[in-house]
Amino acid sequence: MDANGIKLTPKDIVSKLDEYIVGQDDAKRKVAIALRNRYRRSLLDEETKQEIAPKNILMIGPTGVGKTEIARRMAKVVGAPFIKVEATKFTEVGYVGRDVESMVRDLVDVAVRLVKDQKKGLVKDEAVNKANEKLVKLLVPSMKKKASNNSNPLESLLGGAIPNFGNNDDEEEETPTEEIKTKRSEIKKQLLDGKLEEEKVRIKVEQDPGALGMLGTNQNQQMQDMMNQLMPKRKVEREVPVKTARKILADDFADELIDQETANQEALELAEQMGIIFIDEIDKVATNNANSGQDVSRQGVQRDILPILEGSMIQTKYGTVNTEHMLFIGAGAFHVSKPSDLIPELQGRFPIRVELESLTVDDFYRILTEPKLSLIKQYEALLQTEEVTVNFTKEAITRLAEMAYQVNQDTDNIGARRLHTILEKMLEDLSFEAPSMPNAVVDITPQYVDDKLKSISTNKDLSAFIL
């Protein structure tokens, strides 16, 4: 968790969101207040802190207007664990498919990665040093003592090829001779000077365990987690370049240097206190007809989500986590249904409502120009790698914005995602030919845009399929 990020004022948070997201000021203000309230809560005494629950947010707006991006960027600002799920992927408890508790387990997995990555960063130098020492031994090996022949009691059960418990890559080696010591010293100097990066070495790496395919998705995952914890890790030999081996070995050594149990406990606390779960397409499980079978199933999913929003103890492979103080953000277009079609108990769990506006021509223009790494800057950077300089005129950008808006009006409104499609189609020929035109300078003008796109954008049938 970013200690500086959580102390940001609402104005600071909105300012950071403005670097990446255009418009939607009301939504930005509300998520900024929700984040600041978490910081305020952390300053209170324990008794008061337990009474204050986060105010969950319901975002209402068509696709492509920034609902997911606002939540994702908000989580990055404070370094909070964030997970996006789709309400339509869940099934009622007892049916085959993902149950709603899986989103909490996924959030904890994200929190564990965040905490461990942070802790690995603190021991990175030591881990790299250990990796370099190991590489020197691999590049200049000495005689190794005979390994123990004790068999693994699980070997016959799992078809062999399981290493003994307690064994690792570093087999005990005999005391190196003076000649080997001298050679290792020379190799170490070359290694640190970066002269051996492409040399091949053989290292042992953990092999991903095979998936269990005979159960439903959720039961499968739980069984897989349990088996992974019980069984020792399979290791296989791979031949890789030194630079790749260093990364793999340094990561393994970093894992050994950090206290795994402490990291897991910190991750559970981080998920509980700072976790953000974004539930997309929540409008698809809303229903205004409780009589049909499909609608009954949707209500079942809503009722399964409800106790998690209220606060439940969920069992994960790292321990039990309490969802009471997690922040939940529901989102949906609500074209067919409306928020009042959600069951009343669930409506009450999303006290903050924010309606996001459809994008205008001006919004599209700003999306193309204002963000820190706008789409146009991305394409310019990509083509610059081929030594092709692309210059977009203001008039061309305006034309692209108008075209994106018009295609959205004439076909399905997919918001800002339409710009990706239009830019990709417009620059398709240039991207293909770029390697054969070094040092070229291409000016993107309104005429260029029209030449590439006008015949398609003005034909509703073509634009529906191509743009």
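Placement of Cβ uses the backbone N, Cα and C atoms for every residue, glycine included.
Annotated ATP binding in Swiss-Prot involves V22, G64, V65, G66, K67, T68, E69, E345, R417 plus, out of the candidates D125, D280, D283, the residue D280.
Counting every protein chain shown, the number of other Cβ atoms lying within 10 Å of the Cβ of K67 (ATP binding site) is 25. Counting neighbouring Cβ atoms within 10 Å of each of the binding-site residues (V22, V65), the lowest count belongs to V22. Packing around E345 (ATP binding site) is summarised by its Cβ count: 14 other Cβ atoms lie within 10 angstroms of its Cβ, all protein chains included.
Max Cα-Cα distance over the annotated ATP binders (V22, G64, V65, G66, K67, T68, E69, D280, E345, R417) is 34 Å.
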